[in-house]
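J.: Here it is, the structure in full.
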């Protein structure tokens, strides 16, 4: 290859998950981990083999405690929580019993037994439909690699940087990000992952650009290569020319001015030009986010994912759950916090990730199905939520609802919990609204029946699109078919909104579609009452709402009724968006 070819500008396109632009050399983190061989051992060697494993587990425990101590500050409390989860997984009794039993029975070295078991758990998490929970397989990978390094007697090397770098990796575990010198890291370019990956979450918390799904870059790039990382458009540019750098510098200056202006107007009402008020709420996963949400301009918390608390401690007591939920409610009150009950594949986390993988987890035991199948667990959560409701208004939202019978069964259990708490002398809840997630086509098609049992709907468009179009958006072969503007998806949303109108209840949308200001004209035209997005998107969405005319948005919906191509529909919405709030692009 000629020197000219080596220094030629080249661009990779991925998925933007944290905005911003960075220019630096790359540091490539390469995986060098080989699967252990299943070496046989004798019966006389079993106890020594297990003792070697226990020493490795103890050493890993000490390491994780040290990592937790490193991030035990108010600003990094969410990361400290992650390492609490790591300790719980490491100490899982069922895993320890399984390893000891299998080593004794199979007479195979503990390295192979432990590694294979943990890989089974990683595969189980990868199979989950919820992208946030699916990304948690990296927590298992992190723990597994630590234990395996201790079994092999290997030292963990931490990269040190003299100059600022952009990290390039296949994926990043929590330990990877904690032990990086953050003063020298300007961004992340990752081969795998999603907006819910650990690298994306950390990048957003640090205000650094991040791009995922940059396939093959660890094979193409070498440490020291100069790159420009575009966290707005999802691009990674190798050997950027002076003209490219100049263009990006100008764009970055404009973006800073735009963000400053949005920040100043974040508390202004989100009302369209013709007077239609649309609530913009926040999505949350951690209690620690509540303070930022209050300052973001959000009306309420439209979606509090309760899964992370469950993963932090699957055996958490009712008192512990009630304390966490109450903290969130108190901070947001008099605003409302809508809690989504557990949306997780039940046997994926039962006995703390110790059971078998389902053949098809996307169509399996998850969401409200798990809760109704495990009444004790569900009652513990419902009682904790009702106790928190004594401190402020809440919503309780049931996920993965497929028919009205599931809602009725959940409400019966909720009533049972309320009666128990009253008899036990707990203070009554202030206000509790009941909601259903509409994310399965059967729920959208029977929304008129479900509407008679709830106070609100929340559209989970990520799953609704996948189930309607039979498309796994993480499967590269069919990812191009994943389209939120497909006529079938929009018709299901319209059916849901119409059913809600007739029943006099409100409709919120909380999927990724909600934060896309290019499709916002469609959402307003369809008649959505509320939009729930991540905290960083709130000011942007509110600004866009104030620039639109609801009646004109409805005219777009009318025009779309005769269009069969998702790209044509998106084009109409995009044209209006760019005309009405060009300052956002």
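Every residue, even glycine, has its Cβ placed from backbone N, Cα and C.
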J.: In TrEMBL, which of the ranges 247-266, 267-286, 287-306, 307-326 has the region 'Disordered' annotation?
T.: 247-266
J.: If you compare CA-to-CA distances from residue 439 (Mg(2+) binding site) to each of the recorded positions 305, 462, 463, 510, which comes out shortest?
T.: 463
J.: What three-state class does DSSP give residue 340 (phosphoenolpyruvate binding site)?
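T.: The residue in question, residue 340 (phosphoenolpyruvate binding site), is strand (DSSP, three-state).
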J.: Can you count the other CB atoms that lie within 10 A of the CB of residue 462 (phosphoenolpyruvate binding site)?
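T.: The answer is 21 other Cβ atoms.
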J.: Around the C-beta of residue 510 (active site, proton donor), how many further C-beta atoms are within 10 angstroms, looking at every protein chain?
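T.: Excluding its own Cβ, residue 510 (active site, proton donor) sees 27 Cβ atoms within 10 Å.
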J.: Taking 439, 463 as the binding-site residues to compare, which has the smallest set of other Cβ atoms within 10 Å?
T.: 463
J.: For residue 510 (active site, proton donor) and residue 340 (phosphoenolpyruvate binding site), determine the Cα separation and express it in whole Å.
T.: 11
J.: List the Cα distance (Å, whole number) between residue 198 (active site, tele-phosphohistidine intermediate) and residue 462 (phosphoenolpyruvate binding site).
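T.: Given the Cα positions, residue 198 (active site, tele-phosphohistidine intermediate) is 19 Å from residue 462 (phosphoenolpyruvate binding site).
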J.: What is the three-state DSSP composition of the domain 'PEP-utilising enzyme mobile' (162-234), stated as helix, strand and coil residue counts?
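T.: The composition, in the requested order, is 18 helix, 19 strand, 36 coil.
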